[in-house]
Amino acid sequence: MSLSGIITALATPFGPDGTLDLDAWRRLLEQQLHGGVQGIVVAGSTGEAAALSDDEYDTLVRAAVAQVAGRVQVLAGTGLSGTAKTIAQTRRAATLGAQYALVVTPPYVRPTQAGLLAHFQAVADNGGLPVVLYNVPGRTGCDLLPETVAALVSHPNIVGIKEARSEPERVAALVAMRSDRFVVLSGDDGSAAQSMLAGADGLVSVASNALPSAYRRLCDLARTGQHEAANAWDTRLSEYHSFCGIESNPIPVKALLQRAGIGHGLRLPLLPLSAAHQPAADRLAANAVALEALSSREMLAA
(Lines of atoms letter the chains of each structure in order from A and count residues from 1; the text may use other names and numbers.)
(Lines give C-alpha, C1' and ligand atoms only; values in the text may rest on other atoms or scores of the structure.)
Protein backbone atom coordinates (compact mmCIF):
# COMPACT_ATOMS: atom_id res chain seq x y z
CA MET A 1 0.00 0.00 0.00
CA SER A 2 1.68 3.18 -1.19
CA LEU A 3 1.89 6.45 0.72
CA SER A 4 0.21 8.70 -1.83
CA GLY A 5 -3.03 10.33 -2.91
CA ILE A 6 -5.37 11.97 -0.41
CA ILE A 7 -4.36 11.72 3.24
CA THR A 8 -6.55 13.53 5.76
CA ALA A 9 -4.97 15.29 8.72
CA LEU A 10 -7.80 14.41 11.06
CA ALA A 11 -9.39 16.79 13.50
CA THR A 12 -10.00 15.39 16.99
CA PRO A 13 -13.68 15.46 18.02
CA PHE A 14 -14.48 16.52 21.56
CA GLY A 15 -17.79 16.19 23.37
CA PRO A 16 -19.77 19.05 24.93
CA ASP A 17 -17.80 18.56 28.15
CA GLY A 18 -14.45 18.79 26.36
CA THR A 19 -13.54 15.11 26.64
CA LEU A 20 -12.70 12.90 23.66
CA ASP A 21 -15.80 11.91 21.72
CA LEU A 22 -14.86 8.42 20.61
CA ASP A 23 -18.20 7.77 18.94
CA ALA A 24 -17.67 10.86 16.77
CA TRP A 25 -14.06 9.77 16.16
CA ARG A 26 -15.19 6.42 14.81
CA ARG A 27 -17.88 8.04 12.68
CA LEU A 28 -15.33 10.47 11.26
CA LEU A 29 -12.99 7.59 10.44
CA GLU A 30 -15.76 5.69 8.66
CA GLN A 31 -16.78 8.78 6.69
CA GLN A 32 -13.18 9.19 5.59
CA LEU A 33 -12.91 5.58 4.50
CA HIS A 34 -16.25 5.75 2.69
CA GLY A 35 -15.04 8.91 0.93
CA GLY A 36 -12.01 7.09 -0.43
CA VAL A 37 -9.13 8.62 1.50
CA GLN A 38 -5.85 6.75 1.14
CA GLY A 39 -4.35 7.61 4.50
CA ILE A 40 -5.02 9.43 7.76
CA VAL A 41 -2.91 11.48 10.15
CA VAL A 42 -3.81 11.10 13.82
CA ALA A 43 -2.78 13.66 16.43
CA GLY A 44 -1.09 16.15 14.17
CA SER A 45 -1.52 19.90 14.45
CA THR A 46 -5.01 19.64 12.93
CA GLY A 47 -5.75 17.06 15.61
CA GLU A 48 -4.78 19.51 18.37
CA ALA A 49 -1.96 17.23 19.49
CA ALA A 50 -0.57 19.88 21.83
CA ALA A 51 -3.83 19.79 23.80
CA LEU A 52 -3.94 16.00 24.22
CA SER A 53 -2.78 14.02 27.24
CA ASP A 54 -0.61 10.95 26.74
CA ASP A 55 -3.59 8.72 27.51
CA GLU A 56 -5.74 10.57 24.97
CA TYR A 57 -3.01 10.26 22.35
CA ASP A 58 -2.84 6.53 22.98
CA THR A 59 -6.62 6.19 22.80
CA LEU A 60 -6.90 8.06 19.50
CA VAL A 61 -4.11 6.18 17.73
CA ARG A 62 -5.21 2.80 19.06
CA ALA A 63 -8.84 3.41 18.07
CA ALA A 64 -7.87 4.62 14.60
CA VAL A 65 -5.65 1.61 13.94
CA ALA A 66 -8.43 -0.73 15.06
CA GLN A 67 -11.13 1.05 13.05
CA VAL A 68 -9.08 1.32 9.87
CA ALA A 69 -8.01 -2.33 10.15
CA GLY A 70 -5.35 -2.06 7.47
CA ARG A 71 -7.58 -0.45 4.86
CA VAL A 72 -5.47 2.73 4.63
CA GLN A 73 -2.19 4.00 6.04
CA VAL A 74 -2.15 5.44 9.56
CA LEU A 75 0.37 8.20 10.24
CA ALA A 76 0.80 9.42 13.79
CA GLY A 77 2.05 12.90 14.58
CA THR A 78 5.13 12.48 16.78
CA GLY A 79 7.15 15.67 16.35
CA LEU A 80 8.01 17.58 19.53
CA SER A 81 10.47 20.32 20.41
CA GLY A 82 13.20 17.99 21.67
CA THR A 83 14.85 15.08 19.88
CA ALA A 84 14.69 12.64 22.81
CA LYS A 85 10.99 13.36 23.34
CA THR A 86 10.31 12.96 19.62
CA ILE A 87 12.04 9.58 19.61
CA ALA A 88 10.01 8.48 22.63
CA GLN A 89 6.74 9.64 21.04
CA THR A 90 7.62 7.85 17.80
CA ARG A 91 8.29 4.64 19.69
CA ARG A 92 4.97 5.12 21.46
CA ALA A 93 3.16 5.44 18.12
CA ALA A 94 4.89 2.31 16.84
CA THR A 95 3.72 0.35 19.87
CA LEU A 96 0.17 1.58 19.25
CA GLY A 97 0.20 0.26 15.68
CA ALA A 98 0.80 3.32 13.49
CA GLN A 99 2.54 2.60 10.19
CA TYR A 100 4.36 5.93 9.84
CA ALA A 101 5.49 8.84 11.98
CA LEU A 102 4.79 12.35 10.70
CA VAL A 103 7.61 14.34 12.29
CA VAL A 104 7.39 18.12 12.17
CA THR A 105 10.49 20.26 12.49
CA PRO A 106 11.00 21.05 16.20
CA PRO A 107 8.64 23.94 17.04
CA TYR A 108 9.86 27.15 18.66
CA VAL A 109 13.53 26.19 19.19
CA ARG A 110 14.61 27.17 15.64
CA PRO A 111 17.51 24.74 15.08
CA THR A 112 20.09 25.27 12.35
CA GLN A 113 20.01 23.14 9.21
CA ALA A 114 22.78 21.00 10.71
CA GLY A 115 20.64 20.60 13.82
CA LEU A 116 17.63 19.58 11.75
CA LEU A 117 19.74 17.05 9.88
CA ALA A 118 21.00 15.50 13.12
CA HIS A 119 17.50 15.57 14.65
CA PHE A 120 15.80 13.72 11.82
CA GLN A 121 18.64 11.21 11.51
CA ALA A 122 18.35 10.43 15.21
CA VAL A 123 14.57 9.99 15.02
CA ALA A 124 14.85 7.78 11.95
CA ASP A 125 17.60 5.71 13.58
CA ASN A 126 15.86 5.21 16.91
CA GLY A 127 12.11 5.82 16.59
CA GLY A 128 11.04 2.45 15.26
CA LEU A 129 8.81 3.79 12.46
CA PRO A 130 9.33 5.04 8.90
CA VAL A 131 9.54 8.82 9.08
CA VAL A 132 7.71 11.37 6.95
CA LEU A 133 9.39 14.76 7.35
CA TYR A 134 7.06 17.71 7.87
CA ASN A 135 7.99 21.28 7.02
CA VAL A 136 5.59 24.06 8.03
CA PRO A 137 7.66 27.18 8.80
CA GLY A 138 4.62 29.32 9.53
CA ARG A 139 3.89 27.22 12.59
CA THR A 140 7.32 26.08 13.75
CA GLY A 141 9.59 29.05 13.10
CA CYS A 142 12.15 27.08 11.09
CA ASP A 143 12.36 26.01 7.47
CA LEU A 144 13.70 22.60 6.41
CA LEU A 145 15.58 23.59 3.26
CA PRO A 146 15.73 21.36 0.16
CA GLU A 147 19.48 20.86 0.53
CA THR A 148 18.90 19.44 4.00
CA VAL A 149 16.15 17.19 2.68
CA ALA A 150 18.58 16.03 -0.01
CA ALA A 151 20.96 14.90 2.74
CA LEU A 152 18.15 12.88 4.36
CA VAL A 153 16.52 11.12 1.40
CA SER A 154 19.07 8.31 1.35
CA HIS A 155 18.29 7.29 4.93
CA PRO A 156 16.46 3.95 4.70
CA ASN A 157 13.91 4.95 7.32
CA ILE A 158 13.02 8.38 5.90
CA VAL A 159 10.31 7.80 3.33
CA GLY A 160 8.85 11.17 2.40
CA ILE A 161 8.10 14.79 3.18
CA LYS A 162 4.96 16.79 3.78
CA GLU A 163 5.81 20.28 2.52
CA ALA A 164 3.48 23.11 3.49
CA ARG A 165 5.34 25.76 1.51
CA SER A 166 3.74 26.29 -1.86
CA GLU A 167 6.32 28.11 -3.99
CA PRO A 168 6.78 26.32 -7.34
CA GLU A 169 10.56 26.46 -6.93
CA ARG A 170 10.35 24.63 -3.60
CA VAL A 171 7.98 22.02 -4.99
CA ALA A 172 10.19 21.45 -8.04
CA ALA A 173 13.29 21.00 -5.90
CA LEU A 174 11.56 18.36 -3.79
CA VAL A 175 9.89 16.57 -6.71
CA ALA A 176 13.36 16.13 -8.19
CA MET A 177 14.21 13.99 -5.14
CA ARG A 178 11.27 11.60 -5.59
CA SER A 179 11.97 7.92 -5.90
CA ASP A 180 10.28 4.59 -5.32
CA ARG A 181 11.05 4.98 -1.62
CA PHE A 182 10.74 8.75 -1.05
CA VAL A 183 7.44 10.55 -1.67
CA VAL A 184 6.59 14.23 -1.81
CA LEU A 185 3.26 15.26 -0.29
CA SER A 186 1.76 18.73 -0.41
CA GLY A 187 0.73 20.13 2.94
CA ASP A 188 -1.22 23.05 1.49
CA ASP A 189 -4.73 22.50 0.15
CA GLY A 190 -4.71 25.65 -1.95
CA SER A 191 -1.64 24.78 -4.02
CA ALA A 192 -1.86 20.99 -3.91
CA ALA A 193 -3.41 20.51 -7.35
CA GLN A 194 -0.59 22.41 -9.02
CA SER A 195 1.99 20.56 -6.94
CA MET A 196 0.56 17.19 -7.97
CA LEU A 197 0.34 18.26 -11.60
CA ALA A 198 4.04 19.09 -11.24
CA GLY A 199 4.82 15.62 -9.91
CA ALA A 200 4.02 15.52 -6.19
CA ASP A 201 2.61 12.23 -4.93
CA GLY A 202 -0.36 13.47 -2.95
CA LEU A 203 -1.86 15.82 -0.40
CA VAL A 204 -2.12 15.81 3.37
CA SER A 205 -5.31 17.82 3.63
CA VAL A 206 -7.24 19.73 6.27
CA ALA A 207 -10.41 20.41 4.28
CA SER A 208 -10.82 16.73 3.40
CA ASN A 209 -12.08 16.22 6.94
CA ALA A 210 -15.33 17.69 5.61
CA LEU A 211 -15.04 16.66 1.93
CA PRO A 212 -13.10 13.39 1.66
CA SER A 213 -14.61 12.28 -1.64
CA ALA A 214 -14.15 15.66 -3.31
CA TYR A 215 -10.49 15.82 -2.34
CA ARG A 216 -9.97 12.23 -3.45
CA ARG A 217 -11.35 13.24 -6.84
CA LEU A 218 -9.06 16.27 -6.98
CA CYS A 219 -6.02 14.15 -6.16
CA ASP A 220 -6.89 11.40 -8.64
CA LEU A 221 -7.23 13.91 -11.47
CA ALA A 222 -4.10 15.88 -10.62
CA ARG A 223 -1.92 12.82 -10.05
CA THR A 224 -2.89 11.40 -13.44
CA GLY A 225 -2.12 14.66 -15.23
CA GLN A 226 -5.69 15.58 -16.18
CA HIS A 227 -5.05 19.30 -16.06
CA GLU A 228 -8.41 20.66 -17.17
CA ALA A 229 -10.50 18.43 -14.92
CA ALA A 230 -8.14 18.86 -11.97
CA ASN A 231 -8.23 22.62 -12.31
CA ALA A 232 -12.03 22.54 -12.48
CA TRP A 233 -12.18 20.66 -9.18
CA ASP A 234 -9.56 22.94 -7.69
CA THR A 235 -11.82 25.88 -8.56
CA ARG A 236 -14.85 24.17 -7.01
CA LEU A 237 -12.89 23.62 -3.81
CA SER A 238 -11.12 26.97 -3.72
CA GLU A 239 -13.53 28.42 -1.15
CA TYR A 240 -12.80 25.49 1.15
CA HIS A 241 -9.04 25.95 0.71
CA SER A 242 -9.42 29.57 1.73
CA PHE A 243 -11.98 29.05 4.48
CA CYS A 244 -9.84 26.52 6.32
CA GLY A 245 -7.18 29.20 6.72
CA ILE A 246 -9.49 32.08 7.65
CA GLU A 247 -8.67 31.50 11.32
CA SER A 248 -6.06 29.29 12.96
CA ASN A 249 -6.30 25.63 11.97
CA PRO A 250 -8.33 23.62 12.97
CA ILE A 251 -10.91 26.22 14.01
CA PRO A 252 -12.61 26.57 10.59
CA VAL A 253 -12.65 22.90 9.63
CA LYS A 254 -14.04 21.96 13.04
CA ALA A 255 -16.87 24.43 12.40
CA LEU A 256 -17.67 22.49 9.22
CA LEU A 257 -17.45 19.15 11.03
CA GLN A 258 -19.70 20.34 13.82
CA ARG A 259 -22.36 21.22 11.25
CA ALA A 260 -22.05 17.64 9.99
CA GLY A 261 -22.60 16.27 13.49
CA ILE A 262 -18.95 15.56 14.31
CA GLY A 263 -17.61 17.07 17.54
CA HIS A 264 -18.40 20.08 19.72
CA GLY A 265 -15.54 22.54 19.55
CA LEU A 266 -11.90 22.97 20.49
CA ARG A 267 -9.62 23.15 23.50
CA LEU A 268 -8.07 26.31 24.84
CA PRO A 269 -6.22 28.34 23.77
CA LEU A 270 -8.27 27.79 20.60
CA LEU A 271 -11.78 29.22 20.55
CA PRO A 272 -14.73 28.48 18.24
CA LEU A 273 -15.05 30.21 14.89
CA SER A 274 -15.80 33.90 15.27
CA ALA A 275 -19.31 35.18 14.64
CA ALA A 276 -18.22 37.02 11.49
CA HIS A 277 -17.34 33.73 9.78
CA GLN A 278 -20.31 31.66 10.91
CA PRO A 279 -22.47 32.45 7.84
CA ALA A 280 -19.69 31.25 5.53
CA ALA A 281 -19.42 28.05 7.54
CA ASP A 282 -23.18 27.50 7.21
CA ARG A 283 -23.07 27.97 3.45
CA LEU A 284 -19.97 25.87 2.85
CA ALA A 285 -21.20 23.04 5.04
CA ALA A 286 -24.44 22.92 3.05
CA ASN A 287 -22.60 23.05 -0.28
CA ALA A 288 -20.25 20.26 0.80
CA VAL A 289 -23.09 17.75 0.56
CA ALA A 290 -23.56 18.44 -3.15
CA LEU A 291 -19.82 18.40 -3.86
CA GLU A 292 -19.43 15.06 -2.13
CA ALA A 293 -22.28 13.63 -4.19
CA LEU A 294 -20.84 14.99 -7.45
CA SER A 295 -17.37 13.64 -6.77
CA SER A 296 -18.77 10.23 -5.87
CA ARG A 297 -20.74 10.09 -9.12
CA GLU A 298 -17.68 11.07 -11.14
CA MET A 299 -15.51 8.44 -9.47
CA LEU A 300 -18.10 5.73 -10.09
CA ALA A 301 -18.26 6.74 -13.76
CA ALA A 302 -14.48 6.97 -14.20
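From the backbone N, Cα and C atoms, a Cβ is placed for every residue, glycine too.
Take the CB of S45 (site 'Part of a proton relay during catalysis') and look out to 10 A: across all protein chains shown you find 24 other CB atoms. The annotation site 'Part of a proton relay during catalysis' is assigned in Swiss-Prot to S45 (among others) on the grounds of sequence analysis.
Sequence-distant neighbours of V204 (pyruvate binding site) (same chain, 6+ residues apart, CB-CB distance under 8 A): I7, T8, A9, V41, L102, K162, L185, S186, G187. Annotation source Swiss-Prot lists pyruvate binding site at T46, V204, citing sequence analysis.
Taking Cβ-Cβ distances under 8 Å and a sequence separation of 6 or more, the neighbours of Y108 (site 'Part of a proton relay during catalysis') in its chain are S81, T140, G141. Residues annotated as site 'Part of a proton relay during catalysis' in Swiss-Prot: Y108 (among others).
If you look up Swiss-Prot, you'll see Y134 marked as active site, proton donor/acceptor. Around the Cβ of Y134 (active site, proton donor/acceptor), the same chain contributes G79, L102, V103, V104, T105, I161, K162, A164, G187, each under 8 angstroms and 6 or more positions distant in sequence. For the recorded site, Y134 (active site, proton donor/acceptor), the DSSP three-state label reads strand.
Under the heading active site, schiff-base intermediate with substrate, Swiss-Prot lists K162.
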